[in-house]
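K.L.:
Encoded as structure tokens, here's the structure I'll be asking about.
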Amino acid sequence: MLRTHYSSEITEELNGKKVKVAGWVQEVKDLGGIKFIWIRDREGIVQVTAPKKKVPQEIFKLIPKLNSEDVIVVEGIVNFTPKAKLGFEIIPEKLEVISKAKTPLPLDPTGKVKAELDTRLDNRFMDLRNPRVMSIFKIRSSVFRATREFFYKEGFIEIHTPKIIATATEGGTELFPLKYFENDAFLAQSPQLYKQMMMSTGLDKVFEIGPIFRAEEHNTTRHLNEAWSIDAEMAFIESEEEVMDLLERLILYVINYVRENNEKELKILEFELNEPKKPFPRITYDEALEILSDLGKEIPWGEDIDTEGEKLLGKYMLENEGAELYFIYRYPSEAKPFYIMKYEDKPEVCKAFDLEYRGVEISSGGQREHRHDILVEQIREKGLNPESFEFYLRAFEYGMPPHGGFGLGAERLIMRMLDIGNIREVILFPRDRRRLVP
């Protein structure tokens, strides 16, 4: 390797010893008889100090020729001293320029000179050199790692379902069509039907982390056309509340994992991530509509709670319940997909829920209808043709246990967890209504 240590690995035990560091030139300072380089790597900053009388002359002459963002390797002796900004410095014995950076730069990776979001996204490779931006993606990595840890500890089996499909998952029109040889196909908007089919196999508890594609023309700060979904499904449940319990445990596990393992990144972001109030409050759809009515927002029964309503409800729950996260459940059947089970004694209401995070829906789930004949009827009620779902329905004809699950939007979880205003900030190369490159 060209480096022996990251910046964060240089400790007092290395004082007086030789190391090799590598990274990008963040700053060069020339004070005549002494020159400085600050090198940035993934873990932080290293100060290189070059006194004219202590370093080879070729190094001393090379330093002023360095540009910001040149990639260099420095080999030298570690010197811990209170005179150094970071508490230590490296006295160089060798300096190699690996790659020169063009000037001017498309944006300032230190963030001192602000850039518009579009400029940043057009130059994402350089945007991530900003420690704040990099911290977001280190935390994103932790979210996915913690998610997998949680599911394995809970006895779940990871699956991978097709992303090229022949049938709309929920019968909607928000699909990206594509040509699949001589057939018409679509990009998958959800693994819903496939994870339900897995409940007929005996795997019992499955999860998937993968991309979903939705051809929604929304151009908002919380919508993406390609996003990552965390999906789970489990068999032999008695009610949707067991699924809500599972989702609550997952969210708490992920947040606490980030709090424990990403202290440095949270500090860079200047953000204090608190453990949510638990248990998460649970309010029915009817109760949510009553609260909104008291706040002057009327929503006809049976309709989805719109963005304004979600925001009002989020503010109310925070101020009155101290809750950032809360469930809304027992939705009108007409507002939810065909595969959600209805209440026997009140079929106009179904066993569905949403999880809201400060006024933004981050997850939907519920108990599924596992009885074949009723499921077929519910497909018809939505104006869909059961023949289009034959591959899915077959799994319900040969022994299907009661089951339920959820889909959790990874980007929405991360943006709300870190209180980031635009969902495009938490995905590397966002795909939205207007952005297809890079």
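In case you wondered, yes, glycine gets a Cβ from its N, Cα and C as well.
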K.L.:
Among 76-79, 192-195, 248-251, where does Swiss-Prot put the label region 'Aspartate'?
P.N.:
192-195
K.L.:
Could you look at Glu270, Glu272, Glu275, Glu361 and say which one Swiss-Prot places alongside Arg214, Ala215, Glu216, Arg222, His223, Leu224, Gly409, Ala410, Glu411, Arg412 in the ATP site?
P.N.:
Glu361
K.L.:
In Å, rounded, how far does the Cα of Lys85 (site 'Important for tRNA discrimination') sit from the Cα of His223 (ATP binding site)?
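P.N.:
With distance taken Cα to Cα, His223 (ATP binding site) is 42 Å from Lys85 (site 'Important for tRNA discrimination').
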K.L.:
Measure from the CA atom of Ser364 (L-aspartate binding site) to the CA atom of His223 (ATP binding site) and give the result in Å, rounded to a whole number.
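P.N.:
Their Cα atoms are separated by 15 Å.
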K.L.:
Hey, which of the recorded positions Lys85, Arg214, Arg368 is the loneliest by Cβ count within 10 Å?
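P.N.:
Counting other Cβ atoms within 10 Å of each of the recorded positions Lys85, Arg214, Arg368 gives the minimum at Lys85.
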K.L.:
Select the closest residue to Arg368 (L-aspartate binding site) from the following binding-site residues, measuring between CA atoms: Glu216, Glu361, Ala410, Arg412.
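P.N.:
Considering only the listed binding-site residues, the nearest one is Glu361.
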K.L.:
Identify, in sequence order, the residues in the chain of Ala410 (ATP binding site) that are 6 or more apart from it along the sequence and have a CB within less than 8 Å of its CB; answer 'none' if there are none.
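P.N.:
Result: Arg140, Val143, Phe144, Ile209, Ala227, Trp228, Ser229, Ile230.
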K.L.:
Going along the chain, which residues six or more apart from Glu361 (ATP binding site) have their CB under 8 A from its CB?
P.N.:
Glu310, Asp354, Leu355, Arg412
